[in-house]
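Here is the structure we will look at.
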Amino acid sequence: MSESAKKPHSKARVPRLYKCAGKAVKEVRLHGANFKGLLYDLKHTNTKGLFALVNETLRHESELDALIRETGILVKEPRLDPWVTRVLMIELLWRNRPLAGPAIPLQIVRSYKSEFLSKQAGISTEVKKPVSITKGPRFVRINTIKISKEEIIDFFAQAGWHKLKNEDTGEGDRKYRHFLRTISSLSDDEFIEDAHIPNLLVFPRSLEFHNLDYYWDGSLLLQDKASCMPALLLNAPPGSTVLDMCAAPGMKTTHIAAILNNVGTIYAIEKNAERFNSLTKIVSQAEASCVKPLLGDSFKYSDKEIPGVEYILVDPSCSGSGMRLRTEIFNETAEKSKQRLETLASFQCDLLQHAMTNFPKVKRIVYSTCSIHPEENEAVVEKVLKHTLNFRPIIPDRGVEWMSRGSSEYDHGDFGFYSKPEIDMTSGFFLAVFERTEHDYVPGKMLQEICSTEAPVRSKRRKKAMPHISDTNLRNLEKYGNDIVDSENNLKLLSDTNDENLELQVDLIPKKKSKKKKSRKDESEPVLEDARETSSKRRKSKFSEEKGEDCTTDVPVKEKKKKLVEDAGMVDIESDYVSASKTDVDSSPRKEKKKKKKSLQL
């Protein structure tokens, strides 16, 4: 079937359009790259054709994978680039292009056409077809740093577009429903200003912005309505110091810069090097000179590195379950990966709490995700608020009237706001706004301790650990019983009637040798002497009875000590550490006989 083996090596190259499209598909699929940023980086002259080709390839990804698996083309033809092959298959099968040209990859893919067609009929019924991404309007934000709203509206008017007016049809839900009906029925030459977000225009999906110079120079930015909400609700006045903790690709960052009139400072942090490059390009293209991009980890920044931060946007990595384009292109289902959500939620909690506890001058924080899962939204807010005294959630006085409230299953669910694709014709999005409380600022290190003091959490009591008992103590206890315990302050014998275990307080026999010798005038010394002397007398009495000697005869102190060490491995009276008996140290049989003989003579 393959012609690669029959044809000699050709120096003819694959057209650059197909190579660029293959590279774009690879970056989007494997690394989640920004679609628009890729098109800008590739700088292909046929931008419209490139966009259409990449879009079509991504939409039919599941069918392409099935065809590749059924025909085994990549196994039989190992020299083929898998991503360029997908693009060529789209050209051949879906766009009915002949793939004319002498390049070897084009010839190989052409040779598989009949096999592709025979397999495609059966595959199409099994593979879920992608949902069209042409639903809903197209939202376009005017970059007021470079151009005014009036100039843009005048430009479209001169190009033959008709601007609709927002009619006064009442307040609240009635007005919003009328606005939704209007934007859902826009004709190909109509547009309208958004009813809630300034400098945001709504066009029909059919408009091709890739042919407009204003799009490529950064004057017009394709940004979903829901994605514009974080900057609006942050509400930072010109001259403020703002921190964007997860800034790439830079749409929200440049929107904040436009709201600031490019006056102030925005610290834009991004950890990933590739995404950081995209961030710097978009910031440069938008001419947002107040933005200072920082390549690094947000957890390593605090008020010491970035002083005077007043407003913070926390828009962390999330599952992206609310993104229409992502859901439609990648054919994602509603099933959630519990483990992945737990990992994401843990990171989101940590980042939001870091923002609340490491910047003492912050007045307002906005938390946002492009997710519709409560685990990443209400649950994160609930968990963080249980461990902070610095901030409280608020209901903004403007901008959120069109959004849905969070789940009532959570204590602070009413303080969360959702945009829903099926209702609002936007991407799925979640927002929560926090403002500083009157409570004094609490640093992160002290926060957990204060929270546990003001709102104690009941915990299980741990059983007291048993003290360490040495083997020597156990042997002494078994040999001499309770008689060895003559002092309550130094050696206590406790019996547990349930477990029948014995617990010793080992103050009498320290484990380690003290650096400082104890004084003979120590208050505990007489008690120790009494305890040891009593035990010694009992052993002496027992020894004398066996030999028939008088028990009342006193034995010198040195002899007592020697006898104790030899017989039972007892504690050296003149030292503070446990000493092993000489019989344990020197196990020579001849020396043992000598010691026994000597002890008998005594």
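Every residue gets a Cβ built from N, Cα and C, even glycine.
If you check TrEMBL, you get these features:
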DOMAIN    128-437  domain 'SAM-dependent MTase RsmB/NOP-type'
BINDING   Glu270, Asp297, Asp315  S-adenosyl-L-methionine binding site
ACT_SITE  Cys370  active site, nucleophile
REGION    512-602  region 'Disordered'
COMPBIAS  520-550  compositional bias 'Basic and acidic residues'
COMPBIAS  591-602  compositional bias 'Basic residues'
Per-region confidence, the domain 'SAM-dependent MTase RsmB/NOP-type' (128-437) (mean pLDDT, whole number): 89
Fewest neighbouring Cβ atoms within 10 Å: which of the binding-site residues Glu270, Asp297, Asp315? Asp297
When you measure from the Cβ of the residue listed as 'active site, nucleophile', which residues in the chain that are at least 6 apart have a Cβ under 8 Å away? Ala226, Ser227, Cys318, Gly320, Ser321, Gly322, Met323, Ser427, Gly428, Phe429, Phe430
Compute the mean position of the Cβ atoms of Glu270, Asp297, Asp315, which form the recorded S-adenosyl-L-methionine site, and then list in sequence order the other residues of that chain whose Cβ is within 8 Å of it. Asp244, Met245, Cys246, Ala247, Ala248, Ile269, Lys271, Ser298, Pro316
